[in-house]
Amino acid sequence: MKQRQFFGTDGIRGKVGAGKMTPELALKLGWAAGRVLSRSGTQKVIIGKDTRISGYLFESALEAGLSAAGLDVMLIGPMPTPAVAYLTRTFRAEAGIVISASHNPYYDNGIKFFANDGSKLDDEVELEIEAELDKPLTCVESHELGKVVRIDDAAGRYIEYCKGHFPAEQTLSGLKIVVDCAHGATYHIAPSVFKELGAEVIAIGDKPNGLNINDKVGATSMGQICETVLAENADLGIALDGDGDRIMMVNRHGRVIDGDEILYILACDAQKRGVLRGGVVGTLMSNLGLDLALQALDIPFVRSKVGDRYVMELLKEHDWRIGGENSGHILNLDHGTTGDGIVAGILVLAAMQRQNATLEELTADIKMLPQVLVNVRFEGDNDPLVSEIVLAAKAEVEQKLGARGRVLLRKSGTEPLLRVMVEGDEQEAVTEYAHYIADAVRNLV
């Protein structure tokens with residue numbers, strides 16, 4: 001199949017005003033997408049965005065392009081990425097468009113598409129859109145132009161959808177929860193969801209100004225929520241990223257619960273209820289501790305390449321339901337078509353209530369192994385992944401680690417860097433082994 005030139009594995013993304021992220025290209029992209037999508041039955045598209053100041057710019061450009069191609073546009077304003085996927089289905093739109101750069105700083109932005117069923121757009125459709133980009137922009141006749149409307153009740157619809165994943169017979173009454181919205185798209189959603197389910201909510205990262213998304217808050221910057229959980233004597237914390245598709249949690253002692261441990265909680269809960277279908281999909285970066293803990297429960301575990309798109313591919317291939325990344329992308333296909341941080345948090349809270357257990361108790365039997373990642377630059381045409389010196393160092397370390405350790409070597413896709421990841425039982429040894437392999441890479445001539 002022809003390779004995509006414009007779309008990456010998760011749409012397009014970059015610095016605003018440079019490369020692909022310009023208003024000119026957004027206008028043309030809206031038109032090209034409209035041309036392709038108009039070949040199907042439903043002539044309407046939903047657009048949502050996060051809280052970056054540039055969201056207004058790209059929203060206007062996309063809606064103009066789509067209208068010029070004859071498609072109606074429904075604007076839902078700042079909304080989490082999974083909300084766009086859900087609302088695309090419920091409004092029976094032909095596609096959903098998200099304007100977001102997820103966990104990146106405010107000066108980046110991105111554009112990605114959902115199909116009418118709320119899943120990522122097929123590669124074939126993205127290739128069709130790319131083909132239209134090469135053509136001159138032409139406008140449909142005036143009477144065929146698309147209409148643009150704003151949907152005022154989108155937030156309320158999504159709040160009710162999220163609450164629907166929590167058992168009706170349960171309540172969060174008595175729980176004090178810190179919710180970090182990363183000054184992002186969940187700022188007006190997540191606190192309301194958990195409050196309406198009965199919890200006492202302390203919200204942080206809930207005052208976006210267009211420039212502070214993901215700035216020292218959210219799932220990629222856990223310091224503030226850990227401090228707040230301890231200072232407020234809260235039962236737990238839930239941290240989301242800028243577009244709401246990732247989650248990290250914090251227990252009452254201020255310890256971070258990452259995506260691997262969340263996957264473990266959900267898999268164990270599903271197994272106990274007799275609803276676990278198959279096993280769990282992680283990634284190459286998933287901690288070996290998750291693998292070993294699931295083995296102890298006879299739950300199959302497989303690894304995909306890094307990226308929620310690849311996790312989804314393996315889930316579909318195996319016909320399994322639960323998968324995700326240690327970074328907090330959690331997929332549960334019984335509860336949605338894409339990663340949803342709020343829903344994943346609700347499912348963990350439901351497991352706590354069902355089992356009358358704390359986060360500490362639910363994670364007591366999974367021991368995360370020390371993991372060290374070293375980025376090392378290599379020069380010239382030497383490929384460290386085929387170097388006998390590097391491979392010998394890797395084999396030596398693997399022999400020393402045995403079954404209780406793992407070595408992963410990955411090249412960066414954008415610069416001459418090798419990522420050396422080593423995990424095992426002892427922090428000191430793991431650190432030494434990672435630098436031993438990194439030195440072998442540096443010694444390549």
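Each residue's number is its place along the chain shown, starting with 1.
For all residues, glycine too, the Cβ spot is worked out from N, Cα and C.
According to Swiss-Prot, the features are:
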- SER102: active site, phosphoserine intermediate (ACT_SITE)
- SER102: phosphoserine (MOD_RES)
- SER102, ASP241, ASP243, ASP245: Mg(2+) binding site (BINDING)
Cβ-based isolation winner (fewest other Cβ atoms within 10 Å) among the recorded positions SER102, ASP241, ASP243, ASP245: SER102
Alpha-carbon spacing, ASP243 (Mg(2+) binding site) to SER102 (active site, phosphoserine intermediate), which is rounded to whole Å: 5
Spatial separation of SER102 (active site, phosphoserine intermediate) from ASP241 (Mg(2+) binding site) - C-alpha basis, Å: 7
Env. residues of Mg(2+) site, Cβ within 8 Å of mean position of SER102, ASP241, ASP243, ASP245 Cβ: ASP50, PRO80, THR81, SER100, HIS103, GLY184, ALA185, LEU240, GLY242, GLY244, ARG246, GLY341
Between the residue listed as 'active site, phosphoserine intermediate' and ASP245 (Mg(2+) binding site): CA-CA distance (Å): 8
